[in-house]
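Taking it in order: structure first as structure tokens, then the write-up.
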Amino acid sequence: MSWIDLGAIEDVPLRGARVVKTPVGCVALFRTAEAEVFATSNTCAHRNGPLSEGIVHDRKVTCPLHNWVWSLETGEAQGADEGQIATYPVMVENGRILIEGDSVRKRNAA
Amino acid sequence: MEKLVVIGAGMASGRLLEHLFDAAPGAFEVTLFNAEPRGNYNRIMLSPVLSGEKSYAEIVTHDDDWYAQHGVTCRFGERVVNIDRDRKIVVGENGEVPYDRLVIATGSDAFIIPCPGHDLPGVIAYRDLDDTNKMIDTCGKPGARAVVIGGGLLGLEAAAGLRLRGMDVTVLHLSGHLMERQLDAAAGYLLRADLERRGITVMTEASTKAVRGTDAVEAVELEDGTMLPADLVVMAVGIRPSVAVAKAAGLTVNRAINVDAQMRTSDDSIYAVGECVEFAGQLFGLVAPLYDQAKVLAATLLGDDAAFMPKQLSTKLKVTGCDLFSAGDFAEGPGREDIVFRDPARGIYKRLVIEDDRLVGAVMYGDTADGNWFFGLIKDETDISDMRESLIFGPAYQGGSSVDPMAAVAALPADAEICGCNGVCKGQIVEAIEGGATDLGAVRATTKASASCGTCTGLVEQVLAATLGDDFTLPTAQPVCGCTDLSHEDVRRLIKSQELKSQPAVWQELGWSTPNGCHVCRPAINYYLLADWPVEYKDDPQSRFVNERKHANIQKDGTFSVVPRMWGGITSASELRAIADVADKYDVPTVKVTGGQRIDLLGVKGEDLPAMWADLNAAGMVSGHAYSKGLRTVKTCVGTDHCRFGTQDSTGLGIRLEKYLWGSWTPHKVKLAVSGCPRNCAEATCKDVGIICVDSGFEVGVGGAAGMDLKETEPLVKVATEDEAVEWTVASIQLYREHAKYLDRAYKWVGKVGLDWVRETLSDDVERKALVERFDLSQTIYRTDPWAEHTPRESASRFAPLTDLTLEAAE
């Protein structure tokens with residue numbers, strides 16, 4: 001496993017998100033608590049809404065376009081909706097946010 | 001006898017010496033250096049000394065007799081200048097001491113913010129007895145004021161102690177809530193409320209700019225310009241391991257002195273223990289691991305096998321009288337679930353964090369009796385799947401009880417105001433019920449509660465249910481969302497009457513079932529708080545829908561639309577030129593004229609927004625708020641200026657209203673129009689507020705709509721002058737702001753409360769003027785251009801991607 005430094009935890013607003021551009025597409029980086037982050041695909045599986053613009057509550061995000069709610073932990077749609085978005089391993093170490101490098105590298109690049 | 005030199009007489013080295021003298025009396029000839037002019041005392045107990053509950057003598061751990069009895073040569077009040085490792089000598093200010101083995105236990109220093117004035121007399125840290133005595137001395141001065149910088153454990157202890165000694169105390173904290181490392185926002189709110197009840201002023205998100213004063217401290221200046229007069233400034237923003245001596249001696253030092261599991265430094269005959277130690281990347285501040293280290297080091301010095309292992313820690317925090325407990329990892333890591341319990345009546349908050357059927361973290365406030373039980377479950381990694389349902393109630397309740405959905409209303413004190421229109425408190429309603437008024441109609445008839453605008457009906461029914469128990473069937477009111485059983489109207493009323501001024505206050509006092517709400521309640525609560533407490537509450541962008549956070553409308557492809565304001569629909573050649581220029585510069589694919597008499601630029605990329613706003617600002621234009629639940633447009637016709645039928649200056653009135661109202665937040669969008677004559681070219685009769693000018697004055701109508709529903713405005717009042725028309729318009733919008741449910745357009749609200757009530761309320765001259773005053777107060781804060789608040793550089797960091805990993809991959 002290789003971890004890539006994305007930035008300082010303070011660069012992501014509390015209960016907010018920032019986008020990270022990666023070879024596998026835009027990844028949304030969410031900060032749900034003082035030192036808790038999650039990364040998922042930035043694209044809503046319903047109609048491609050930008051999830052990083054949604055309201056972050058508990059460990060979930062609500063898509064700004066049609067209010068689909070996604071679990072940031074599992075990537076599963078919540079409530080009556082059904083669907084799945086990609087999630088990526090991230091962690092916080094010494095105030096820095098790290099993402100697992102292989103997960104955002106193009107699979108066919110090797 | 002082996003010569004052992006110890007630098008620092010703190011709690012860790014004190015414990016070390018106890019172990020050594022117990023296990024092998026006479027094995028070492030000890031010399032003990034201490035920069036403080038005294039021996040070892042229980043530093044944790046400085047707070048009771050500060051507050052006057054204990055004396056210094058009571059907290060001394062080792063007195064002169066003890067040192068004499070064990071043959072310790074004390075060199076107190078003497079600093080160590082350096083360590084000569086080649087000659088194995090410690091050089092003190094008063095001379096050299098040879099050692100066979102050396103223990104460094106220098107502890108830590110307080111971190112002093114290097115702001116201007118930090119070295120003025122009267123600025124102190126809170127580390128030792130001298131600091132404590134200085135604080136106590138200042139307290140003697142009548143009317144003395146203290147500012148404590150840092151709302152962590154130490155700072156709050158200092159604040160509580162100083163307050164107990166009668167000082168006027170303000171705590172400044174950089175983060176959004178107190179003790180953010182140990183507590184979440186809800187527990188932080190309860191702690192703050194507790195401290196405020198004791199007369200301590202708490203300011204969060206307060207950044208210190210400078211300490212002011214000529215010969216001594218006179219004031220603390222904040223970044224926002226606020227000046228806080230102060231006779232004493234206590235800096236309690238953190239500690240740093242004290243490693244200067246070790247570093248100068250060439251020992252391996254990272255953040256602190258590196259040691260192995262035997263507490264050995266990079267030099268075989270030098271050891272370190274306590275807060276100045278770094279082991280496996282970790283630093284240690286709490287007393288439990290320091291005592292573990294002392295035990296291991298004693299064994300090492302005596303040639304026994306022992307290894308230091310950091311343990312899972314719990315903190316039971318005692319901020320003189322506030323009961324807090326936190327243990328384990330309650331904030332970090334994926335794959336976790338929360339169980340939240342709130343009892344507003346008793347000020348209790350508990351939160352458990354569960355991962356893989358195991359408890360991994362706990363935060364408790366108000367009732368920490370079960371803390372050790374939870375801590376045991378965390379340490380032992382007990383499988384809690386069987387008791388999950390009732391886990392939060394603690395060991396005594398295994399088997400279960402359920403939470404009362406009416407707890408929030410039942411918990412209200414008798415003097416809590418339920419009906420704002422008629423000033424009826426809960427106690428009066430309960431009295432009426434006990435006097436035989438056992439249904440809503442009877443309560444209305446006897447107390448007038450909910451008999452006017454009716455928005456408190458749900459609360460009155462809840463009081464009935466709470467008082468009568470099973471004898472009253474509660475009609476099902478629509479709750480705000482899954483986080484609460486209360487309706488919008490109930491929540492609004494309680495925010496006012498209980499003076500709830502923050503989101504954590506609402507979540508706690510009204511018994512929210514989720515840690516921090518959801519996408520349905522957060523924008524609503526954020527609006528209610530800023531509408532009711534414009535000065536005290538700070539708008540939370542993270543509780544807003546994306547459009548209001550980005551000051552632009554999100555489109556279905558994720559791009560945005562930008563609409564600059566055109567006051568009353570009037571523009572100019574230079575404004576149009578500036579709009580054309582930004583359309584070219586940012587490749588705007590679509591430019592459209594809107595129904596609100598302005599121009600919409602559609603298809604703008606998110607990262608271009610700040611630069612585009614700056615260009616439009618430079619041309620004198622501001623945000624049109626075309627995205628907000630707030631004032632949108634005031635549509636006008638050309639009125640008397642050009643039209644041969646115009647009766648009044650409708651354009652001028654429209655511009656005046658738009659300049660008055662812009663920037664204000666409302667429950668839903670608000671659109672106005674002013675037509676210059678009854679031909680109504682501005683279509684004023686389908687607006688939230690519509691004004692039709694006639695020869696004899698102005699007809700003000702409210703509650704029109706031309707959206708999902710089509711509705712004509714209802715006549716509110718006819719007035720003779722433009723000033724009166726403005727006053728009635730503003731007052732009616734403020735009444736709507738104060739009473740309506742979030743996301744109810746004005747016509748829906750008027751439909752619920754009735755036009756008669758609206759007219760009656762506004763007809764009262766005193767009330768109408770008071771409404772305008774409250775609107776004016778709110779506008780002192782919110783009548784600003786959100787576009788201008790973003791410099792392109794600052795907002796690039798918010799609107800652009802955090803990182804671009806595709807670039808790295810290409811290399």
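Note: Cβ is positioned from N, Cα and C throughout, glycine not excepted.
The annotation domain 'FAD/NAD(P)-binding' is assigned in TrEMBL to B:3-277. Taking the domain 'FAD/NAD(P)-binding' (B:3-277) as a whole, pLDDT averages 91 in the prediction.
Under the heading domain 'NADH-rubredoxin oxidoreductase C-terminal', TrEMBL lists B:314-381.
Positions annotated as domain 'BFD-like [2Fe-2S]-binding' by TrEMBL: B:418-465 (among others).
Per TrEMBL, domain 'BFD-like [2Fe-2S]-binding' is recorded for B:480-529 (among others).
Residues annotated as domain 'Nitrite/Sulfite reductase ferredoxin-like' in TrEMBL: B:554-619.
Residues or ranges marked as domain 'Nitrite/sulphite reductase 4Fe-4S' in TrEMBL: B:629-768.
DSSP classifies B:Cys637 ([4Fe-4S] cluster binding site) as coil under the three-state reduction. Cβ neighbours within 10 Å of B:Cys637 ([4Fe-4S] cluster binding site), excluding its own Cβ and spanning all shown chains: 27. Residues annotated as [4Fe-4S] cluster binding site in TrEMBL: B:Cys637, B:Cys643, B:Cys677, B:Cys681.
For B:Cys681 ([4Fe-4S] cluster binding site), the same-chain residues 6+ apart in sequence whose C-beta sits under 8 angstroms from its C-beta are B:Cys637, B:Ser675. Per TrEMBL, the feature siroheme binding site maps to B:Cys681.
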Practice problem: Among all chains shown, work out which of the binding-site residues B:Cys643, B:Cys677 has the most CB atoms within 10 A of its CB. | Solution: B:Cys677
Quiz item: When only pairs 6 or more apart in sequence are counted, do the domain 'BFD-like [2Fe-2S]-binding' (B:418-465) and the domain 'NADH-rubredoxin oxidoreductase C-terminal' (B:314-381) reach 3 or more Cβ pairs under 8 Å?
Solution: no
